[in-house]
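Listed in TrEMBL:
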| type | residues | note |
| --- | --- | --- |
| ACT_SITE | Asp81 | active site, proton donor |
| BINDING | His82, His177, His205 | Zn(2+) 1 binding site |
| BINDING | Asp103, Glu133 | Zn(2+) 2 binding site |
| BINDING | Gly178, Gly206, Gly207, Thr208, Asn227, Val228, Gly229, Thr230 | dihydroxyacetone phosphate binding site |
Amino acid sequence: MYTTITPLLSAAAQTGYTVGAFNAHNLEMLPPMIQAARDLGAPIIIQTSAGTARYVGMRNFVAVCRTLADNEAVDVALHLDHATSIEDIEDAITAGYSSVMYDGSALPFTQNIVASQRVVEYAHARDVSVEAEIGTIGGTEDGIEHEHGNYTQPEEVTAFLDAVDCDALAISIGTNHGQFRDKTQLDFPLLERIHAVTDRPLVVHGGTGVDEADYPRLMANGIRKFNVGTELLVGWTRSAQEALAASPVNRSLRHNMIPANDTVRDVVSHKITLFLGVPVQR
Ligand code: 13P
């Protein structure tokens, strides 16, 4: 079923697992992602940056996600990742995205509250779920560099969630976007303090840089949406580069795309298996 993130995250909270949210960069990536979820009987969140959404066409992402959700009998949410512009949010909702992230984390705290709650009112009135963010997640995303600034503080979480009726909250506990060469050091005592003050589903960004050995502790502390982007991007690009380099220029393109898509399927499948709480070895 094509759905919002809300029922997916609340089912995850009941049993203590987390839902994988995977960044797609093109339409090619969607079938292997969604088929991997179907094979494991798991829900999946597909997310796109506003830039990718505009490149592919928002309605195209919606059409493919809806079709695959129906044909493959799997729960799929399509989420706009890190939107800072209200126009992007309105366009995504109009196109049929089932979920949006409003990222007001660069704004002064009170302005973030006001703007996030406005987005919640607009989106909820249209049956679309909302993720908000407080604290700054470092690293590079969609070519934009962010300093690793302030980690999310529990008192801010309480104040923010008292005013903002969002469906999920992205927090900063030491992750960085785009970290694929090494792994990050997470501040687990901070996460535990945040989890102690709220039941709201929490979101980890920069999942590529998180050590897989840390997943169980994240899931035990309220992380219900887990974003993975760069690992898929790097895997897809490396496989495509290899195939294209070895290919005659007039070889049917699918022969070069299939290995790249298979890499995406394998990474998504591996991650979802771990997110369901099943220990596996690579
Ligand atoms: P990575 O690309 O570092 O895995 O992060 C993905 C993400 O958090 C998207 O918002």
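Glycine is no exception: its Cβ is also placed from the backbone N, Cα and C atoms.
Positions of the features from TrEMBL, shown on the structure.
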residue: Asp81; record: active site, proton donor; Cβ neighbours (10 Å): 26
residue: Asp103; record: Zn(2+) 2 binding site; Cβ neighbours (10 Å): 22
residue: His177; record: Zn(2+) 1 binding site; Cβ neighbours (10 Å): 24
residue: Gly178; record: dihydroxyacetone phosphate binding site; Cβ neighbours (10 Å): 20
residue: His205; record: Zn(2+) 1 binding site; Cβ neighbours (10 Å): 31
residue: Gly206; record: dihydroxyacetone phosphate binding site; Cβ neighbours (10 Å): 23
residue: Gly207; record: dihydroxyacetone phosphate binding site; Cβ neighbours (10 Å): 28
residue: Thr208; record: dihydroxyacetone phosphate binding site; Cβ neighbours (10 Å): 26
residue: Gly229; record: dihydroxyacetone phosphate binding site; Cβ neighbours (10 Å): 25
residue: Thr230; record: dihydroxyacetone phosphate binding site; Cβ neighbours (10 Å): 21
Listed binding-site residues among Asp103, Glu133, His177 whose Cα sits within 10 Å of Gly207 (dihydroxyacetone phosphate binding site): His177
Quick note, Thr208 (dihydroxyacetone phosphate binding site) and His82 (Zn(2+) 1 binding site): C-alpha atoms separated, nearest Å, by 17
Give the distance between the Cα atoms of Gly229 (dihydroxyacetone phosphate binding site) and His177 (Zn(2+) 1 binding site), rounded to the nearest whole Å. 8
Under a three-state reduction of DSSP output, how is His177 (Zn(2+) 1 binding site) classified: helix, strand, or coil? strand
Around the Cβ of His82 (Zn(2+) 1 binding site), other Cβ atoms found within 10 Å total 26
Listed binding-site residues among Asp103, Asn227, Thr230 whose Cα sits within 10 Å of His205 (Zn(2+) 1 binding site): Asn227
For the dihydroxyacetone phosphate site made of Gly178, Gly206, Gly207, Thr208, Asn227, Val228, Gly229, Thr230, how many Å separate the two farthest Cα atoms? 11
